[in-house]
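Peer 1: Sending over a structure as structure tokens; questions will come in a sec.
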Amino acid sequence: MAGIRVTKVDWQRSRNGTAHHTQEYPCPELVVRRGQSFSLTLELSRALDCEETLIFTVETGPQASEALHTKAVFQTSELEQGEGWTAAKEAQMENTLTVSLASPPNAVIGRYLLSIRLSSHRKHSNRRLGEFVLLFNPWCAEDDVFLASEEERQEYVLNDSGIIFRGVEKHIRAQGWNYGQFEEDILNICLSILDQSPGHQNNPATDVSCRHDPIYVTRVISAMVNSNNDRGVVQGQWQGKYSGGTSPLHWRGSVAILQKWLKGRYKPVKYGQCWVFAGVMCTVLRCLGIATRVVSNFNSAHDTDQNLSVDKYVDSFGRTLEDLTEDSMWNFHVWNESWFARQDLGPSYNGWQVLDATPQEESEGVFRCGPASVTAIREGDVHLAHDGPFVFAEVNADYITWLWHEDESRERVYSNTKKIGRCISTKAVGSDSRVDITDLYKYPEGSRKERQVYSKAVKRLFSMEASGRRIRIRRAGGRCLWRDNLLEPATKPSIAGKFKVLEPPMLGHDLRLALCLANLTSRAQRVRVNLSGATILYTRKPVAEILHESHALRLGPQEEKRIPITISYSKYKEDLTEDKKILLAAMCLVTKGEKLLVEKDITLEDFITIKCAHPGASGEGLSPV
């Protein structure tokens, strides 16, 4: 009998694409998900004899091997069985054979080569059938990335557009973002990001073998979306100057960024800030099959020394002393959450995991962050992998203000210590509305449980230090700030104050505000008020001073007074950045030594005037840009 060979292969893209929710990928090769069978139809040179066998080989990456689980050799059987790759005959009609192949739910993801060997009567025929791409599978209950809700899978895996929230706590703005994970070349680019990582460049075989693990893959992507340590996708820029590139505010989606990175032969794209990094990372992870969403945290702490507080040093006018202040509180910060099991931590920590591609601090020598279990953050388990202390501080640090004196002594100033981690937001499932998910990250601010968790987190950090893990604790004046924060609460002053906006803050107009002060006692008090104002970036880094004045006033018993403040457009227009943000500060010095710092962040609105010209129309309206 003549030998048998494969003459044609039908990848059944339509049928498999529908079954695997991959029909939107425009790739020429088949795209399927792991842990789920897919079908192929083979045309043979003649009918298959019952004694003849079909042996399949799948392999991915360089130096593929069965030992590394990057190669598998398996033959057809009547039933799908075993823990590895399997093949089963579905149907046979004369010279046509349909087979069902299935990968294990923990298979390495990536581009595979599929080959077949037909054996008959000591005659063998080998053929490369072609390539296919294997992705994570949130529809498979045995996959670590399994997500039970179909509505959430549609939103967090298949939705190719979304909303990113920015602004300030009191004025949250929604911006549309095109993730575009099904656009031309995007899947290939996402796989290239993995291949361009330092781990792959140094040891490709081992790197590919680790791609079964969503913890490993997301950690690699977190590092590769920024360009600080590698040939990453986006270069950050926070100085308000974007020559030679695109302002972060001008991007409206990930596709143009990823395509530019590929066309530029992996040269970082200029420029990005936190929402750009998060938007790109969401595209990549959804494309690879991991349920991912974008999360915005308002009043987000950047704790550089891991003492779980943001330590801000100011002068007598409330101006931030940049040389002393290493920590910061951003008006907002945007990161990602991805949904998967934590086999390294245990089932209690499964679910949403924080990932942050913005290059803020190094994690094990590389600018990346996460995955950090959201549950671990809420419970104060900051000792668990990865980067728990940094993420915990972002949402739950205490905000501590220090007045720095000329003799280099310092004094704690009363201010709102509970302003960190407000209105943590993400897009709703199935709509463009905002959902507040703050309660997933922490217990109610100031509650007994929240304070217990904070104390637990501090103790965890102390034990981490004692066990030899390196934690930087900045010292000032020879004293440890960590213990100062716990043992030296600022005295609550006998006055209260707040800024009040008298007219909507509009770009091109003067700003009109008032500082409202109230005497909380039954005795008269004298107060000196030092006012300052500066244009700032969204990271609250000052750009230029636009207000500097002092006032002395007497407050009678229980009396309230206002100090009017006007900042002319000519004063701020030259130094306003694209963020359109201004920070006001009032250092209130009570005669008997008490001190109160009042701050307010202002975002200026852009408006255009629309004049109606058609008959019967009258007047004109203002519309926000």
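Quick reminder: no glycine exception, Cβ is built from N, Cα and C everywhere.
Okay, these came from TrEMBL:
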type     : residues               : note
ACT_SITE : C274                   : active site
ACT_SITE : H333                   : active site
ACT_SITE : D356                   : active site
BINDING  : N396, D398, E445, E450 : Ca(2+) binding site
DOMAIN   : 266-359                : domain 'Transglutaminase-like'
Peer 1: For E450 (Ca(2+) binding site), which of the active-site residues C274, H333, D356 has the nearest Cα in space?
Peer 2: H333
Peer 1: If I take the Cα of C274 (active site) as reference, which of the recorded positions D356, D398, E445 has the closest Cα?
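Peer 2: Closest by Cα: D356.
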Peer 1: Could you give the number of helix, strand and coil residues in the domain 'Transglutaminase-like' (266-359) as assigned by DSSP?
Peer 2: 18 helix, 41 strand, 35 coil
Peer 1: Would you mind checking how many other C-beta atoms are within 10 angstroms of the C-beta on C274 (active site)?
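Peer 2: If we count other Cβ atoms within 10 Å of C274 (active site), we arrive at 27.
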Peer 1: Measure from the CA atom of D356 (active site) to the CA atom of E445 (Ca(2+) binding site) and give the result in Å, rounded to a whole number.
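Peer 2: E445 (Ca(2+) binding site) to D356 (active site), Cα-Cα distance: 24 Å.
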Peer 1: Taking the Cβ of N396 (Ca(2+) binding site) as reference, which residues of that chain separated by at least 6 in sequence fall under 8 Å from it?
Peer 2: L308, I377, I420, G421, Y441, K442, E450, V453, Y454, A457
Peer 1: Return the residues near H333 (active site), defined as same-chain residues 6+ apart in sequence whose C-beta is under 8 angstroms from its C-beta, sorted by sequence, else 'none'.
Peer 2: C274, S296, N297, S300, H302, T358, E394
Peer 1: Using a 10 Å cut-off on Cβ-Cβ distances across all protein chains shown, tell me which of the recorded positions (D356, D398, E445, E450) has the largest neighbour count.
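Peer 2: Most Cβ neighbours within 10 Å: D356.
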Peer 1: Given the recorded Ca(2+) site (N396, D398, E445, E450), which additional residues of the same chain have their Cβ within 8 Å of the Cβ centre, ordered by sequence?
Peer 2: A397, K418, I420, G421, K442, G446, R451, Y454
Peer 1: Whole-number Å only: compute the distance from the Cα of D356 (active site) to the Cα of D398 (Ca(2+) binding site).
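Peer 2: The separation of the Cα atoms works out to 21 Å.
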Peer 1: Restricting to the domain 'Transglutaminase-like' (266-359), report the mean pLDDT as a whole number.
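Peer 2: Mean pLDDT for the domain 'Transglutaminase-like' (266-359): 96.
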